[in-house]
Amino acid sequence: MGLLTDPRAGNGAVIKFVMKWEKLLCLTLYVTGVIWFVSLAYPDFNDNTYFSENALLPGLVTNEFNEDGGAKRFHDELLAEMKKYPDDMPYPWLLAKFRQLNLDVYTHNFTLNYPLSQQKFTGQNVYSILRAPRSASTEAIILSVPYRSASSIHLTTAPSIALLLAFAKFCRKQNYWAKDIIFVVTEHEQLGMQAWLEAYHRCTCGQDGVLIAGDLVGRAGSIQAAINLEMHSFKIGSIDIKVEGLNGQLPNLDLVNLANKMCAKEGIRRTFQRRADSNPKDKIRKWWYQFVTMMSMVSTQATGVPTGNHGVFHRFGIEAITLEGFAKSGSGTESTIYNIGRVVESLIRSLNNLLERFHQSFFFYLLPSTDRYISIGLYMPPLALIIAGLFIKAFSVWLKLQESTEKKDGESDAVKQAKSEELVLSHIAWEVLWTHILGVATLSAPRLFTYIGIKFHLATENSVSLGLLLLTIVMFIGTLCFERYRTYETASLLYVIALIELATMLLCISMHNFSLALVAAVVYVPAALTVIPKKGNESRFHNLRCIPWILLHPLCLACTVVAVYTHFTFPDYTIIAFALKWIQASKQAIVFGIIDSMVYGNWLYSVTVCVLLPTWLIFWIVVTSKPILRISK
């Protein structure tokens, strides 16, 4: 504390060095951090995966699954039922099949009150429980499948449901289960799984009154782990292992390693981010391939959106992954439902061996390939270097303010008092306060925008997008039209506050979602370091520094990301078609982010408007401020 308040603290050699080389030091830290992180994809800088939990005993049992014929019969019957119910789940058929297996069968009803309109949506899940014959139902394992109707735009999951029924039939014949096995078929993808978990744990994760989870009649023990199946064909060419969950949470690495090893044991081609492992002799090419895979995980995790039903389990302390099987395309081996069934058997039997919850391996990691990982101890230092420049810049600006105060010691008391009054802390506190109040107001604004939009017969996505756009325009015009005259000292102190808040925000986010913090740091840190509060009559080119901050407004940045994604997804579109698709996709992305925050508790939108937006506003105020020109008498 004395370092920040004692003017004599700047006399040390280290302090003088920081003040002299502050720009070069910040640039060096940023570049070093980026290069360090990029180099982590190089094989010499990451590690081979391994098992930390010995109780799993992976692959040490003799596989006995032989219900592939039953799975084919279930599949044929299910396809016939799906033709009868092209838009709904065939509940009678599913309930009948589970009852024929002598399992405890239940249904679960839930309701979604769409938060941005008066609409209501209902859904129903089907689940059955195989009670463990060798325990008192104190623990459980989940095997789940999302049901997709014939009219769904997504790839079918009918083979997965057939496999689930066949595996349930196989499990019914075995007597070595020490944990209950819960078979769940969900409606409406992740929404159904979220409602089922909320009902199972008797809690609400989103806003009250949005997702009415209902009650569960049948229950089992404490859920230890979950496997979600999304097989799109009976003969597959590869299995993609999905790990990214809600808000960037990840399952324990041992579970991921277990799935990879079981797939390898059965000779099934496994992928991560839809990319199979590649081992070129050239190390640079190998680094680049693994770097692309790693960055694909970073971009997926940064959104905070789950990549499958497994993603909603993690917040409940349940380790879960999704196995997605794709039909064979091109050359390569082909695996049948028999091989997939043996993989599922190996996974469930290994989980059945667990004596306690997963805890020994990593929960924070990045994967450059299926058999290599980057632990939190390796990827956090580069991010710390990138962010460190913000603290150094703030410290340097603060010391310069202290020096400026020291040089005025010879002035009269009246002059010093007049100049000290210019730096009114209440004004600075007001600037910080109103920016954060605006952020909280933006968090609650979508409901108001929708209400107003209904009066003008606007769709939800149009009313919300237009409302946020108008709010953004007001922010720009309000700071440009209403001229803000401040002393250099006042603007500098606001700058220090903004730097510290941005750095603290990034560090806090990195503890939960490293990828989001990394992306935000790489984008915002350079712009924040180049901000210089105006001290007098600056060059006319000084105003050009406003342009990057316009582009870095959270709404503009989100639209830019959507534009890039749209370009790579639809590369053959004409300019007009691309623009129309981009506008539509941007509006949908904004609404989906808001809905996710209300239904699932995804905090990407909340953090953006409550923390990042106020910080951006403070930087914008500093950049656009006009200094008070002092006239010496």
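Glycine residues also receive a Cβ, built from the backbone N, Cα and C atoms like all the rest.
Positions annotated as transmembrane segment by TrEMBL: 24-42 (among others).
Annotation comment: TrEMBL describes 378-401 (among others) as transmembrane segment.
Tertiary neighbourhood of the transmembrane segment (422-443): same-chain residues 468, 471, 475, 487, 489-490, 493-494, 497, 605-606, 609-611, 613-615, 617-618, 621, 628, selected by CB-CB distance under 8 Å and a gap of 6+ residues from either end. The annotation transmembrane segment is assigned in TrEMBL to 422-443 (among others).
Within its own chain, the transmembrane segment (463-481) is flanked in space by residues 116, 438, 442, 445-446, 448-450, 452-454, 456, 550, 553, 555-556, 586-587, 590-591, 594, 617, 620-621, 624, which lie at least six positions past its ends and keep a Cβ under 8 Å from the stretch. According to TrEMBL, the transmembrane segment annotation covers 463-481 (among others).
According to TrEMBL, the transmembrane segment annotation covers 493-512 (among others). Non-local neighbours of the transmembrane segment (493-512) in the same chain are 247-249, 380, 383-384, 387, 390-391, 393-394, 397-398, 401, 423, 428, 431-432, 486, 518, 520-521, 524-525, 528, 531, 533, 607, 611-612, 614-615, 618-619, 621-622; each lies 6+ residues outside the stretch with a CB under 8 Å from one of its CB atoms.
Here the transmembrane segment (518-534) has Cβ contacts under 8 Å with residues 26-27, 30, 34, 37, 298-299, 302, 383, 386-387, 389-390, 393, 488, 491-492, 494-495, 498-499, 502, 506, 509-510, 542, 545, 548-549, 552, 557, 612, 619, 622-623, 625-627 of the same chain, all six or more residues outside its ends. Look at TrEMBL and you will find 518-534 (among others) tagged as transmembrane segment.
Annotated transmembrane segment per TrEMBL: 546-568 (among others), in sequence order. Counting residues 6+ beyond its ends, the transmembrane segment (546-568) has Cβ neighbours under 8 Å at 468-469, 472, 475-476, 523-524, 527, 530, 578, 581-582, 585-586, 589-590, 608-609, 612-613, 616, 619-620, 623-624 in the same chain.
Residues annotated as transmembrane segment in TrEMBL: 603-623 (among others). Within its own chain, the transmembrane segment (603-623) has Cβ neighbours under 8 Å at 247, 303-305, 431-432, 435-436, 438-440, 442-443, 475, 479, 484, 491, 494-495, 497-498, 501-502, 505, 509, 516, 520, 527-528, 531, 533, 545-546, 549, 552-554, 593-594, 596-597, counting only residues six or more beyond its boundaries.
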Report, as numbers and ranges, which residues of the same chain sit near the transmembrane segment (378-401): CB under 8 Å and 6 or more residues beyond its ends. 4, 9-10, 15, 18-19, 22, 25-27, 29-30, 32-34, 36-37, 40, 45-46, 366, 489, 492-493, 495-496, 499-500, 502-503, 506-507, 510, 514, 517-518, 521-522, 525, 528-529
